[in-house]
Every structure is written in structure tokens, then in C-alpha cells.
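Annotated transmembrane segment per TrEMBL: 35-59, 71-92, 156-175, 181-202, 214-240, 246-268, in sequence order.
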Amino acid sequence: MQSHPMLRRLNYLLSEHPSVVGFRWSHAQSWGATWAFLFSFISFYFAVSVTLHLLLLLFRHRTRPVPLGPLPALHSLVMSLISAATLAGTLASAAAEIRDTRWLWGRTRTPIQWLLCFPLGTRPSGRVFFWSYVFYLSRYLHVIRTFFTILRRRKLSVFHLFANSIPMVMSFLWLEFSQSFQVLEIVFTTFTYSIVYGYRFWTELGLPTASFPLVANIQIILLGLNLICHCGVLFLQVWGGGCNGIGAWAFNSVINGAFLFMFLNSLVRMRWIRRKAMESNGKID
């Protein structure tokens, strides 16, 4: 059955365009592809965030947020659209890569094994790495939300700064070392961000919010899926003949573990504060 011409055109743009198929991660040609650039930007991000916070403390009243107009809503819309495009591109490119290279695997590897564990010797080039690069670049747009938080709420959290810097480092490692498991990681994360940023755009417009903590619940589901898949990568590394970029995967696993601990600690503390506030209001009433 023939697919619709518009769908064929979209599939071409997502997975068959020469820029996608011919992509190659290069320190000389890819923007932001060096260690020096990565850590210089993170240092700049920390410095600007701290400086902005201090300037607001010195020159603006604590209870007066800086008016931002439609900028936060526009940022959320752009990030949601980029995430949705990256999700679609990654899925289309993964399907194309499996179709084109599966004959090389023989009976030693299935599509789910390839998604979890790249064969040894995999190079950072081609379709899925193009979308991995797009995801990496989107991390630089993601950190803009930190400045909105500082300008609006007048708060600066070290956890927030690290939480935004960690995905930048992780996505850089995916490309630098052709790390296994990155395809599913990108799918999970972009699916989450397309919903989360779409929801934030919705609320920025003044529309009704969800009656439950939508963002926190989605992040918990994402962390659970990541944990299950990490177990699969470890199994394939030990009993499946090895996975490419396993050193970077191990480093990312440690970072993920630390982030999970900080996230859960922050979540428990927030719920404890909310519970105490509700108990206090009950006593007052």
C-alpha cells in the first residue's frame, strides 16, 4: 500500500535527507563539538546565573518579579516543537538504520538489542547521530529557562544548575564515544519534553493546570524506564559480547544515579514542606 505523498516527504526529511544520512560528528566541523567549548559554556552558564541573581538582590525589591511578557511561553512552545521533531526524526532514523543494516547482524542481534547496545566499532555518523546532535544542541536552548526562573522567582538553586548541565555533558558523551542506549534515551527524553513543555506553554497562556503534579510524575516514569533499560545494557555488555562506548555509559549511569538521588531527595523535601504547611493551616483553622 502506497503511503501519502506528504508522509513520504516527511520521512525523507527526517531520515533520508543527505544532511541526515551524511552526518558525521567532527571536532572541526560540528558546532560545540569540543570539550573546551562544553565546559566553557557550562562555566559561563553558572557565572551568568549567579551574577544575575546577585544583581537582582542588590538592585530590585525581593517581592517584585521582572516582567517577561510572552518570552517564557514562546520558549516552551519552541522547546516542545523541537522535542517533537527530534522524537519523530529519531524514530524514523532508527527504523531506517535497522532496515538498512540488519542484514549485517545475522542471528546475533535483534532490533531491541541494537537499540540498547551498539556493536563494537560504531562510529558517530549517520541518521541516528544526526538527531543525537540535534538533541545535544537543544540542551543549550533548554538552559534559558533558568534565567526565567531567576527573574521571576528570585531564587537560585545549585541543584537546578547542575540538573541543567548534566544532560549537556551526557548528550556530548553520546556523540563523542558513540555510546550505546542513546537512541532509546533520546526517545524517552524527547517524548517527555514534548509533553512537559507543551503543558508549560498551556499554563503560560493562563489555561487550567492539571490537578496532579504532571511534570514530576512524568519525570518519575522516565527515570523508571531508564533504570530498566540500563539493566538491559549491562546484561548485553556482560553476556552479549560487549557494547560500544560502555565507558561513557558507565559514567552516565553514575551521573544518572546521582541525579536520581538529588531528584528524589528534592521531591521528598517538597512534599514534606507541603504537608507541614497543610497541617499548619489546619491548626489555624
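Backbone N, Cα and C define each Cβ position, glycine as well.
Under 8 Å from some Cβ of the transmembrane segment (71-92) lie the Cβ atoms of residues 10-11, 14-15, 20, 128, 130-132, 134-135, 138, 141-142, 144-145, 148, 152, 183, 186-187, 189-191, 193-194, 197-198, 200-201, 204-205, all in the same chain and six or more residues away from its ends. Within the chain, the transmembrane segment (156-175) has long-range Cβ neighbours (under 8 A, six or more residues past its boundaries) at 25, 32-33, 38, 41-42, 45-46, 49-50, 53, 124, 129, 132-133, 135-136, 139-140, 142-143, 145-146, 149-150, 182, 185, 189, 245, 248, 251-252, 255-256, 259, 262-263, 266. Within the chain carrying the transmembrane segment (214-240), a Cβ under 8 angstroms from the stretch's Cβ atoms is held by residues 113, 116-117, 180-181, 184-185, 188-189, 192, 195-196, 199-200, 246, 249, 253, 256, 260, 263, 267, all 6 or more beyond its ends. If one looks beyond the transmembrane segment (246-268) by at least 6 residues along the same chain, the residues whose Cβ comes under 8 Å of a Cβ in the stretch are 159, 162-163, 166, 169-170, 173-174, 176-177, 179-181, 216, 219, 223, 226, 230, 233, 237.
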